[in-house]
Amino acid sequence: WEFNGSFYQPSAFLMMGIPGLEALHHWISIPFCALYLIALLGNCMILFIIKTTQSLHEPMYYFLSMLAVTDLGLVLCTLPTTLGIFWFNMRRIGFDACLTQMYFIHILSFIESSVLLAMAFDRFIAISHPLRHPSILTKTTVMKIGLVIILRGMVSLLPIPFLLKRLTYCRKTELSHSFCFHPDIMNLACADIKVNVFYGMIILLSTVGMDFIFIVLSYILIIKTVIGLATKEECLKALNTCVSHICAVLVFFVPMIGLSMIHRFGKNVPPLVNTLVAYTYLIIPPALNPIIYSIKSSHIREALLRALRRKTE
């Protein structure tokens with residue numbers, strides 16, 4: 001502990017695996033390893049296919065590449081500490097290292113939310129204004145959107161580590177997860193955390209909250225456009241292009257909203273539920289997104305099959 005008058009700051013935190021199942025951590029690590037492997041290989045495969053297939057060099061797949069890179073970042077942020085606990089019971093993480101991990105986890109989560117919004121906008125333009133789609137979402141425009149998404153996440157979350165460093169902490173240093181999460185660290189403080197709570201809530205609502213609202217509005221407009229199409233076949237074809245994105249939105253936002261609600265209002269929620277929702281939020285979307293898009297996107301499926309045929313020849 002660092003002591004300076006009445007100011008206390010821990011040199012390290014202790015992370016937690018799955019409460020009550022510590023004796024089974026080695027066995028539990030098997031499905032986690034499988035999910036991490038699927039996420040790493042699946043997202044790398046998506047990036048490779050999009051890069052090497054000229055026909056996929058269009059806005060929808062550029063945004064999918066951004067989603068894959070973000071998912072890879074989330075996996076690489078949590079993999080070392082999670083598997084370190086399951087395999088070697090390495091629970092200790094330095095204070096500054098914890099804040100760094102927390103910062104990148106939240107940035108990547110905010111970026112993923114923004115990318116899903118950009119993908120919803122792309123689907124809206126493609127369905128509502130198909131002829132103008134290439135001129136509206138040019139390669140330069142997509143790059144600018146990507147840059148704005150990254151800067152938005154970095155700038156909005158920049159004060160968070162400094163707000164945590166100014167707090168005085170209690171003797172309890174045990175976190176609720178195998179990774180560092182802002183509400184989790186904040187709740188270990190003995191000082192007034194109203195500023196942290198207020199800023200965290202404002203940033204969450206003005207970024208992820210607004211993203212979700214605009215995604216819903218995009219789909220309301222998409223449905224309105226699709227209803228006006230001439231035939232039932234055209235309606236189904238238009239909606240079919242959105243299925244993958246809708247699945248990705250649900251897989252990301254449902255556990256994220258659940259985890260946020262548990263940390264802020266779920267004082268009586270069992271620790272096991274809290275832990276499982278956290279793992280679902282950070283590990284399941286990176287593993288499922290490549291599978292969802294590989295199954296639903298015929299272009300990616302065909303490109304993957306061509307790549308496999310070339311390797312077998």
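In case you wondered, yes, glycine gets a Cβ from its N, Cα and C as well.
Nobody curates TrEMBL annotations by hand; they come from automatic prediction.
Summarising the annotation, TrEMBL assigns transmembrane segment to 24-50 (among others).
Residues or ranges marked as domain 'G-protein coupled receptors family 1 profile' in TrEMBL: 42-293.
The feature transmembrane segment is assigned by TrEMBL to 62-88 (among others). Under 8 Å from some Cβ of the transmembrane segment (62-88) lie the Cβ atoms of residues 15-17, 25-26, 28-29, 32-33, 36, 39-40, 43-44, 46-47, 50-51, 101, 104-105, 108-109, 111-112, 115-116, 118-119, 122, 139, 142, 146, 149, 178-179, 248, 282-283, 285-286, 289-290, 293, all in the same chain and six or more residues away from its ends.
According to TrEMBL, the feature transmembrane segment maps to 100-121 (among others). Residues 60, 63-64, 66-67, 70-71, 73-74, 77-78, 81, 93, 145, 149-150, 152-154, 156-157, 160-161, 164, 179-182, 185, 207-208, 211-212, 214-215, 218-219, 245, 248-249, 252-253, 256, 282, 285 of the same chain lie 6 or more positions beyond the ends of the transmembrane segment (100-121) yet place their CB under 8 Å from a CB of it.
Annotation comment: TrEMBL describes 142-164 (among others) as transmembrane segment.
Look at TrEMBL and you will find 197-222 (among others) tagged as transmembrane segment.
Counting residues 6+ beyond its ends, the transmembrane segment (243-264) has Cβ neighbours under 8 Å at 67, 109, 112-113, 116, 119-120, 123, 181, 183-184, 187, 201, 204, 208, 212, 215, 219, 273-274, 277-278, 280-281, 284-285, 288-289, 292-293, 296-297 in the same chain. What TrEMBL lists as transmembrane segment is 243-264 (among others).
For the transmembrane segment (276-295), same-chain residues at least 6 beyond its ends with a Cβ under 8 Å from one of its own Cβ atoms are 18, 32, 35-36, 38-39, 42-43, 45-46, 64, 67-68, 71-72, 74-75, 78, 105, 112, 176-177, 179, 181, 244, 247-248, 251-252, 255-256, 258-259, 262, 301, 304. Among the features that TrEMBL reports, transmembrane segment is placed at 276-295 (among others).
Counting only same-chain residues 6+ beyond the ends of the transmembrane segment (197-222), those with a CB under 8 A from a CB of the stretch are 109-110, 113-114, 116-117, 120-121, 123-124, 127-128, 152-153, 156-157, 159-160, 163, 182-183, 186, 238-239, 242, 246, 249, 253, 256, 260, 264.
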